[in-house]
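Database features, via TrEMBL:
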| type | residues | note |
| --- | --- | --- |
| TRANSMEM | 79-95 | transmembrane segment |
| TRANSMEM | 115-135 | transmembrane segment |
| TRANSMEM | 147-164 | transmembrane segment |
| TRANSMEM | 251-271 | transmembrane segment |
| TRANSMEM | 291-311 | transmembrane segment |
| TRANSMEM | 426-445 | transmembrane segment |
| TRANSMEM | 465-484 | transmembrane segment |
| TRANSMEM | 496-514 | transmembrane segment |
| TRANSMEM | 520-542 | transmembrane segment |
| TRANSMEM | 563-586 | transmembrane segment |
| TRANSMEM | 592-613 | transmembrane segment |
Amino acid sequence: MAERLAGYTGNLHLLKGRAIDVWHAFQENLSSQGGGLHGIKSRTSEKITGLKEKAISSLNKGNEGDYSHVYRRKSRAELVRVSAAVMGIEFAYSAETAFVSPTLLGIGIQHRNMTLIWCLSPIIGFFLTPLLGSVSDRCKSRLGRRRPFIILLSIGIILGLLLVPNGKYFGQLMGDVYPEEELFEKISGNVNTTAVADEADVINEVVDTSSHPWGIFLTVLGTVLLDFDADACQSPSRAYLLDVCIPEDHALGLSTFTIMAGLGGSLGYAMGGINWDNTFIGVMLGGHVRAVFTLVTFIFIACVIITLYSFSEIPLDVLSDSSNVESINERRMLDGEKYGKFEEEIEASKTYGTMEENYPYQPNHMGVDNPGFQESSFTEYPNNQNEFQEPAEINQLETQPLPHVGEISLREYVTSIIYMPKSMRILCLTNLFCWMSLVCYSLYFTDFAPVGSPEREIYEEGVRFACWGMAMYSLSCSCYSFIIERLVKRFRARQVYMGGQLVYTFGMILMALTRSPAGVIIFSWTAGVMYSTLFTMPYLLVAHYHASQVFAEDASGTRQCSTTVRGLGTDVALVSSMVFLAQFILSSSMGSIISAAGSTTAVIVSAAVLSFCGSMAASQVMYLDL
């Protein structure tokens, strides 16, 4: 026994000696490479910096300093890549629209509290989105001004897509219990305790939620993140499209943007209309809702990656560096001669890089001097104002000083939000009416039915049917977007903007009168016309204002150039923020309207009235020469 103990002791001493040797060798290695914990920290920082630089270089395709792609025309395929992110956003938005309300009801949140939850995102978004737009106008990242915000908001969307269907499950891991569900499982013999949120059993109308606070908190947090970020992410995505395209491509780019949005919405809603519970994917992923949200998450990530890798932006320090002015102007002139229009004669592209005779030099929306960024491809000028300038005039314009965008303070951008020109106020009012009318159409009021009951089966069938109706409206949005640019060329912007809203008004009136499933499917196509209109026209006008730096006209129609600083990202976000105000107004008032009317038909009637008001407001919008 003593010999064995001596042997064990000897072995322990040997192990101890080896461990000490290894530790000393590790310390010596650290000392030779920088020393102790400080060395570890330094090397970790270097690795993180290296990964960051590698990611930036990858997103910029390793050609930082070469921005010739910004000053040429883009093909439809290239515009599809730039607009891919909004397709992913609409996939996420369709999943939210179809399943968030049943999910919240399924974890015990009462109808009267649903309004408060849906108000959170609009309140945050209405104040925060324009501010984010102003910050993006001043962003000094090497990735540019818009892509960092697309990445940031996309992370919020991904978190929302993960939390909404899994909030209840995460809550159960943290100790939440659902007594009503456990009672139903005992009765039915079902022992599945990881059912998705919309499959919970809510036996009583009033559910005690004190037993599962974490599930409610995480699901509500996911709802707010998903709703806010999905709407807010569209602003930098739109501004990114306008920044990397020349003004001649703005109309085609925005129509492509809307096509991708409609395509994403139609496929997303159609995905929600499929009964995934009866498929291998649904069984593997844990039910219908989890299957939809999981698929949407992967699709969204792929779409955002495509957009981020489409084109590199011009960083703010390059835009504000006056030493770059000569090379930028030379690139514009060379590209203007090299790249022709797709739909018009190639010789017309030589006007790119020139300025109309009667309009003074103005900085463009990207912050560099604007020796004649041409207007949209369908712009016409009276009295031959679109004729070419003489070379001497061009050279004179090129020698004008470059405005230093970096010197513009955030306070000036925020001030531009509060003190908007009349043209922007009317445009925001019109977009508010448009969004209010469309949100009315999107609202779906119903009661939550217990699992296994006939009412529950009817409920689920109704949700899937609603998904197909929304898919039809998104599909019609894409179809109409293919022709909206041609309509603007032929009938002008005023008629297209007003006409799109009147078509929707007529469709909602007929839907209210018919009140049948077939009517919902048929007249949902008019909602697509409205969606395409509000997704394209206001932003085309904003880009037009910034390209010409004209935000006002006098009584005689003479343009008045802007004397205040306005950022494109700020104004795009400002117009986009009307969706949050629309959601807030309707979520706080529509319940009372329905109760007073005694029928959900009041929702459709309200949509028609608001759309007509939007059409009247659109008649007062400043269109310049569009």
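A Cβ is built for glycine as well, from the same backbone N, Cα and C atoms used for every other residue.
A quick note: this is a predicted structure, and the numbers were derived from the prediction, not measured.
At the 8 Å Cβ cutoff, the transmembrane segment (291-311) and the transmembrane segment (496-514) share fewer than 3 close pairs (sequence separation 6 or more) and do not count as touching. A Cβ distance under 8 Å defines the sequence-distant neighbours of the transmembrane segment (563-586), meaning residues of its chain 6+ beyond its ends; these are 118-119, 121-126, 129-130, 132-134, 136-138, 145-146, 231-232, 234-236, 238-239, 242-243, 365-366, 408, 412-413, 416-417, 419-420, 424, 427-428, 431-432, 434-436, 439-440, 443, 538-539, 542-543, 545-546, 551.
The transmembrane segment (592-613) makes no contact with the transmembrane segment (465-484), as judged by fewer than three Cβ pairs under 8 Å among residues 6 or more apart in sequence. By the Cβ criterion (under 8 Å, sequence separation of 6 or more), the transmembrane segment (465-484) is in contact with the transmembrane segment (251-271), since 3+ such pairs are found. Ranking 115-135, 147-164, 426-445, 520-542 by CB pairs under 8 A with the transmembrane segment (79-95) puts 147-164 at the top. Using a cut-off of 8 Å between Cβ atoms, the transmembrane segment (520-542) and the transmembrane segment (115-135) share fewer than three residue pairs, counting only pairs 6 or more apart in sequence. Panel annotation: around the transmembrane segment (426-445), residues 97, 101, 420, 463, 466, 470, 473, 497, 501, 504-505, 508, 524, 527, 530-531, 533-534, 538, 541-542, 574-575, 578-579, 581-583, 585-586, 590, 594, 600, 603-604, 606-611, 613-614, 617-618, 620-622 of the same chain, lying at least six beyond its termini, place a Cβ under 8 Å from a Cβ of the stretch.
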